[in-house]
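K.L.:
Handing you a structure now.
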């Protein structure tokens, strides 16, 4: 297996993980806002996410003479460690599935601020002790405190967004829900309404797959808080991804026939025939898979408490790639910039 031993290699892994893990949520949100059912998107995502883990395991896990290699460990009696790795994958899959719906209700930037901050607070604290305290506590834990403050700022941004949208939409009646297929044939023209106006919000609502008007945003915040997630690194990541794939596959096939949150019913045949946004969904899965793999590798070299901090990039990408409505009001701009400053 390939083992990273240099500081430069560790930094490279961290930077690539930052880029990949910060990009895929924006891509997933893009497909939902274009009307693709989240069940279809997640099924595509989970396939390429697993494929990325397989590629990493059979390449980086085999190319070096260092032992034990990936294939060697597949036949070893290490089931206690395997079960721990698979448990982590299950929690990751449930968390990712929850955040996919939270993005629609709360917004990408707010969701990522809260989920990533909670994940870093819990994960970094646990990993510090599990790593035999190899990281400096006087540096690590002040950063953890900043993430706790970021949760408060994220809630403030959410409150500002909700009040702003409510004032803009006064006088408009509730919108009728439409299916993903209907949105593909809709006559709505992109860019017709000015970003941030009531007309723009209505256009987005008509086109998106998850309808949020008339529903309490407390649902989204509740989903957001729920979302918080002796083998070699490649074998552990492989089993981690296998369990994540299994849970995501089973739950989303169930959601095809028994959808939640008022989504239209679909079928496995409809999923196979739905090529609208499939390429983006595949790309999101690859980015997340390789990002997680690089985070595992960087964590092996620098300590998993330090590697857990790569979650902060999700905030920057969530706010600036998706734009959402944070630029509409100076108050929201100040809140968001404060969050980014605290978490950098």
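The chain as shown is numbered from 1 upward.
Quick reminder: no glycine exception, Cβ is built from N, Cα and C everywhere.
Heads up, here are the entries from Swiss-Prot:
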BINDING   209, 210, 211, 212, 213, 214, 215, 216  ATP binding site
TOPO_DOM  1-10  topological domain 'Extracellular'
TOPO_DOM  32-42  topological domain 'Cytoplasmic'
TOPO_DOM  64-78  topological domain 'Extracellular'
TOPO_DOM  123-136  topological domain 'Extracellular'
TOPO_DOM  158-208  topological domain 'Cytoplasmic'
TOPO_DOM  230-235  topological domain 'Extracellular'
TOPO_DOM  257-278  topological domain 'Cytoplasmic'
TOPO_DOM  300-344  topological domain 'Extracellular'
TRANSMEM  11-31  transmembrane segment
TRANSMEM  43-63  transmembrane segment
TRANSMEM  79-99  transmembrane segment
TRANSMEM  102-122  transmembrane segment
TRANSMEM  137-157  transmembrane segment
TRANSMEM  209-229  transmembrane segment
TRANSMEM  236-256  transmembrane segment
TRANSMEM  279-299  transmembrane segment
K.L.:
Applying the under-8 angstroms CB criterion, which one of 43-63, 102-122, 236-256 scores highest with the transmembrane segment (279-299)?
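P.N.:
The stretch with the most close Cβ contacts to the transmembrane segment (279-299) is 43-63.
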K.L.:
Where, among 79-99, 102-122, 236-256, do we find the most CB pairs under 8 A to the transmembrane segment (43-63)?
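P.N.:
Looking at each of 79-99, 102-122, 236-256 in turn, the most contacts to the transmembrane segment (43-63) are made by 236-256.
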K.L.:
Counting by DSSP, what is the helix, strand and coil composition of the topological domain 'Cytoplasmic' (32-42)?
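P.N.:
The breakdown for the topological domain 'Cytoplasmic' (32-42) reads 7 helix, 0 strand, 4 coil.
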K.L.:
According to DSSP, how is the topological domain 'Cytoplasmic' (257-278) divided among helix, strand and coil residues?
P.N.:
8 helix, 0 strand, 14 coil
K.L.:
Would you mind giving the whole-number mean pLDDT across the topological domain 'Extracellular' (1-10)?
P.N.:
70
